[in-house]
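Over in TrEMBL, the protein carries these features:
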type: DOMAIN; residues: 18-104; note: domain '2Fe-2S ferredoxin-type'
type: BINDING; residues: C56, C61, C64, C86; note: [2Fe-2S] cluster 1 binding site
type: BINDING; residues: C126, C129, C162, C164; note: [2Fe-2S] cluster 2 binding site
type: DOMAIN; residues: 265-452; note: domain 'FAD-binding PCMH-type'
type: BINDING; residues: 293-300, F373, 383-387, D396, L442, K460; note: FAD binding site
type: BINDING; residues: Q806, F837, R951, A1118; note: Mo-molybdopterin binding site
type: BINDING; residues: E841, R919, F953, T1049; note: substrate binding site
type: ACT_SITE; residues: E1307; note: active site, proton acceptor
Amino acid sequence: MGSLKTDEESNCKGGETQEPILYVNGVRRVLLDGLAHLTLLEYLRGIGLTGTKLGCGEGGCGACTVVVSSYDSRRKKAVHYAVNACLAPLYSVEGMHVITVEGIGSLRHGLHPIQETLANSHGSQCGYCTPGFVMSMYALLRSSPTSPSEEQIEECIAGNLCRCTGYRAIIDAFRVFAKTDDALYSNRSSHSYPGDQYVCPASGKPCSCGLREVNDHNTREENKTSATSYKPISYSEVDGSSYSEKELIFPPELFSKKITPLVLTGFGGIKWYRPTNLQNLLDLKSRYPDAKLVVGNTEIGIETRLKRVQYQVLISVGYVPDLNILAVHDDGIEIGASVRLTELLNFLKKVIEKRPFHETSSCKALIEQLKWFAGKQIRNVASVGGNVCTASPISDLNPLWMSAGAKFQTIDCKGGIQSKMAKDFFLGYRKVDLDPDRKEILLSIHLPWTRQFEFVKEFKQAHRREDDIAIVNAGMRVSLEENNGRWFVADASIVYGGVAPISLSASRTEAFLIGKGWDKDLLKGALRILEEDIVVKENAPGGMVEFRRSLMLSFFFKFHQWICQQMNEKESFSEMLDVSNFSAISSFNKLFCIGKQNYEIIKHGTAVGSPEVHLSSRLQVTGEAVYVDDIPLPPNSLHAALVLSKKPHACIISIDDSGAKSLPGFAGLFLAKDVPGSNDIGPVIHDEELFASKFVTCVGQVIGVVVADTHENAKLAAEKVHIEYEELPAVLSVRDAIRTNSFHPNTERHLKKGDVEQCFKSGVCDKIIEGEVCVGGQEHFYLEPNCSLVWTMDGGHEVHMISSTQAPQKHQKYVSHVLGLHMSKVVCKTKRIGGGFGGKETRSAFIAAAAAVPCYLLNRPVKITLDRDVDMKISGQRHSFLGKYKVGFTNEGKLLALDLEIYNNAGNSLDLSLAVLERAMFHSDNVYEIPNVKVSGRVCYTNIPSNTAFRGFGGPQGMLIVENWIQHVAVELKKSPEEIREINLQSEGSILHYGQQLQHCTLSRLWDELKSSCEFLKARKDVDLFNLHNRWKKRGLAIVPTKFGISFTSKFMNQAGALVHVYTDGTVLVTHGGVEMGQGLHTKIAQIAASSFSIPLTSVFISETSTDKVPNASPTAASASSDIYGAAVLDACEQIKARMKPIASGQKHTSFAELANACYMERIDLSAHGFYITPDIGFDWLSGKGSVFKYYTYGAAFAEVEIDTLTGDFHTRMADVILDLGYSLNPAIDVGQIEGAFIQGLGWVALEELKWGDEDHKWIPPGHLNTCGPGTYKIPSANDIPLRFNVSLLKGAPNVNAIHSSKAVGEPPFFLASSVFFAIKDAIVAARAELGHDEWFRLDNPATPERIRMACSDDFTKPFASSDYRPKLSI
């Protein structure tokens, strides 16, 4: 047992000895010695609390959020806060109470109000991220004496990511806990109007924007989104707020428990110390000079996990009083090095309330910068000193400490204290002025008060506003003095981060400023000097050199204008802020997201058409929903880790496993020679190897698999396998492939309609344009990483597995193939998966197959769970594309001819890339009537991991190319893109370029309804007026339509099977070939079965998907699953009903259960296998004609954005989306799918950028993926969703081609997010017009801040880039 040590090693003789303890969900647990290597997450999951998920392992997704409660003896109260359990060392929470999602509610004992409202509001889809959101909200409510504000609610979930829902439903669910309703915005009560009229948050007047409009053919009533409001039932200083009588109290033992020193150990000789006074700490530092000081572990945790850095001695300094000082002095404030960022933020807010306004300029700047510093969970534990001493070149705070004139107090092991200026403290990359010989540590920070007319301002630009590291940040200070009626600079400090290995002062610029008058001449001169003062070298780490340099100028310009605004009240200050420049410093007035969902309910039977909640939602909000990694391991289990290539193209010379064999827990390394069956694999053709035998063709290719007794030991052993290579030339991009003629064989495709060449030659085209479009890729970022558990049965002659996959049949097939077994002896089961989006259709299969080899050969269970970075590096992404177009059209804008070449980047194997290319070609018209079309496509072979399916499957890429040249046509004709779109819309009977005729086309109706609902003409005028009066902020808008074909493009895949059992108690068990991955498939299928039998939905159960129940199932993909599996289930139900009919007609039965029992007594078979094939489809590539799709899902979206032209930051002010989904099977689930797809699409077009080591990114090693985790790859957060997010379903448009007149929904809405992209481009057009640039310009996706800012060509970009400059993109 671990204990508190009082020996001389701990330097705390005479102290009390108590056993280390931890309370978890009210249960007291003794912490044993030897666990210093464990995180809190590993411990919790190890004791069976698997509701807390591992999503990324670096504190970037929030799936691991738990609440920690500790007693603050200074304030005499318990504090409750959210933390990332994946980063928190286990021993860091000793003496505290940890509450997990299981501790606040369960299905059996009742849900907490947070869980209840989230489930009922459709705020959980795949459910993997859900416990994290629940606990973030719980932490806020528990710690708030009163109901929180909506701003606090949004802030509390800033550190949580969701890939499924689009956040709106989550925000709506949590809004019911806010202390006000929407009167927060309108300054009046929402009940102050007669009747029950809803008050618009925007206008403060009655309207319907907050209503979910429901047109039920039976009830025809309107329901408000949030009918319930929750308020705390009690509050105490110890237990915080309670919203339930079952709330866990703060353990009484922890009130009186003294904080005593700890000395504990961990695996590999790790030592964990917890000193409780400064002298004890200094003694430890003297004994262990290389020891790492730990508070929140937010940096060290990432270093040890991602960089594999090993620290043998860790000293937890959170309980050293001298390091936790927060004090106000006459000359400034003192901040202890161990003070948490949240504590600092709260302290600074109190300071500015009490001190004179002019003294707190630095404090205000720190508050603003901390607002965007990481997520709430990180700020709750990360310390000020840790951020300083990490010395990151992109630290958000260090430039402010430097510019504000802060001093760092250091202390050595002998107690000697020194004061060092922050400006001189940073010596080099991650190197600070702490003398190792004197064993110095940082003690505290002294922040001086600002003087009268001294101003400090913060700046930061990141890829994403919330929870993101800076691209460039800055801290700027200037002190002004009046002399003879003019204001001169007495002192100045200009410090930048993100432009050098350290936070760097612009010393020449500072020297220039001093003594100068604060006017336009000063601005011009300073900008001129600043251009050369700090130079970011070409190919500097991080890239984006031109953008970073332009940000330096933009920030200074903003600072200059801000100072002018601050001085406006001084009559003697003549340099008044120019009205036209006010937008340079005005902050965006962000409101809480408001959404409207407008749909009709068309009921069919007992359940179909009803907006039911996801059947698993209540399990998901309580953490009881089980995913693969949650399953308890069988005895004698092993963990697997992959041995991966580190070269993009090379010959394997040798493999040395001696280093791995010497490690504890090692159980074996398995290579190509060990594969019992075939080593050749692939979903379409066998052009891959399970384990590379002679050559590697990408970084991340699997060379072998290591198994060991623990996950960590397996990873360590895999890293110790040494491989020697002989490097070969690599093809790293589409352009490389075209240049070297590197294409996958037999993958050239052509489609043709009319005569393109003749049209161009005939002179009928008034104008002909040509151009290129680069389309970026996208990472799936499902929250649940790939995971499989494989075991043998019956003496090792059968293999069973549970996998996180969209295609259990592919897992079955791959495993049987590599093991040399019949498929009938291999079973794959899938209960649910934590998101897939196409990424788990084919690329999950080789991972399971790799684990199956040691499982089979050793006859032991094997589990493989990929770390987030490994998953991203090896499993493939959305294909990047290059499109080359030539378009002919009339002066009126009528399209006449399109000649298009498209190329996609397949990577090092074919996978599904040909089918992705084909769908892109089928969608290369989007919704436009083009008489003459020629489309050619090729699949590029490159040395990156094989790209794969992703929501839309090539369709969005094809349509984005279309919409780019549509915009090019509009610019050429000086018309709006919407005009060009509208006059070229396809209509009923249109013949497409692959010979299919449109039927039941609702495009025009959707277009007209959307233009009306968004008041497009008024919106256009409002945007133009705004742009006229705002030089540095611009708004833009766009309407984009879509047409998405529904069916697998490979005919044989359009089949589905199902198995239905009716039991004598009247309940129904359904099994089908589809996988539940959050899209609500099981819920819809259950509704179909319930309506067929006329029974309640609660009487139908779907347990899992299994290859031994339904064989040969197609992957859950192509948006077709509800159609085909629903029809198969209905077929099975109808068979059973037909058998039951004679019994049912013979006598009356009071219930379905009675009827089922009667049939059983008559020996009626109550089980049936259903089957369905999609009729009337097929395509012949030789003729280029056929009916590829059974039908189309149509839609359109309006978006309005606002951009900051100086930084590239943007907000989506509004999105209005409408889709034709026929008669929806479940409109609430469909709305959730639309919102989730739209936000995922927004990420693709505006945020998410993959950066590979290629010709354009030489700072990245060749073939390596740089963006391989949430720290570098940014999916949308809750802050990125539209402020007004409206979704409507077209009414009165039944679909005759699918079950119950419904339509598919999963993929079609994704592309509609391109409306945001083209709205951004519209805003950029307005910005460029300010300097007379009205020509066509290219904007690649994603439209990141870099691309937006550099496209807004102005005086601050001109020194570094021309007006047609395009930032580099990996394609």
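Think of each number as a place in line: the chain as shown, counted from 1.
Glycine is treated like the rest: Cβ placed from N, Cα and C.
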Inset, instruction - Could you tally the C-beta atoms, other than its own, that fall within 10 angstroms of the C-beta of S383 (FAD binding site)? - result: 29
Inset, instruction - Using C-alpha positions only, work out which of the binding-site residues C86, E299, G386, F837, A1118 is nearest to C164 ([2Fe-2S] cluster 2 binding site). - result: F837
Inset, instruction - Filter the recorded positions C56, C86, G386, Q806, E1307 down to the ones within 10 angstroms of E841 (substrate binding site), Cα to Cα, kept in sequence order. - result: Q806
Legend entry - Among the Mo-molybdopterin-binding set Q806, F837, R951, A1118, as the record gives it, the longest Cα-Cα distance in Å: 12
Legend entry - CB-centroid shell, 8 A cutoff, [2Fe-2S] cluster 2 site C126, C129, C162, C164, site residues removed: S124, Q125, G127, Y128, T130, R163, T165, L783, G834, G835, G1078, G1236
Inset, instruction - Take every residue in the domain 'FAD-binding PCMH-type' (265-452), average their pLDDT values, and give the whole-number result. - result: 96
Inset, instruction - Rounded to the nearest Å, what's the C-alpha distance separating C126 ([2Fe-2S] cluster 2 binding site) and F837 (Mo-molybdopterin binding site)? Just drop the number here, would you? - result: 11
Inset, instruction - Calculate the distance in Å between the alpha carbons (Cα) of A1118 (Mo-molybdopterin binding site) and E1307 (active site, proton acceptor), and round it to a whole number. - result: 7
Legend entry - Alpha-carbon spacing, F953 (substrate binding site) to G296 (FAD binding site), which is rounded to whole Å: 42
Legend entry - Pairwise Cα distance for C61 ([2Fe-2S] cluster 1 binding site)/G386 (FAD binding site) [Å, integer]: 21
Inset, instruction - Count the other Cβ atoms sitting within 10 Å of the Cβ of C129 ([2Fe-2S] cluster 2 binding site), across every protein chain shown. - result: 29
Legend entry - Spatial neighbours, same chain, of C162 ([2Fe-2S] cluster 2 binding site) - Cβ under 8 Å, 6+ residues apart: C129, F133, I170, L783, A1278
Legend entry - Counts of helix, strand and coil residues, the domain '2Fe-2S ferredoxin-type' (18-104), according to DSSP: 14 helix, 29 strand, 44 coil
Legend entry - Residues close to substrate site centre defined by E841, R919, F953, T1049, Cβ within 8 Å: L912, A915, V916, E918, A949, G954, G955, F1048, A1117, A1118
Legend entry - Other C-beta atoms that fall within 10 angstroms of the C-beta of F953 (substrate binding site): 28
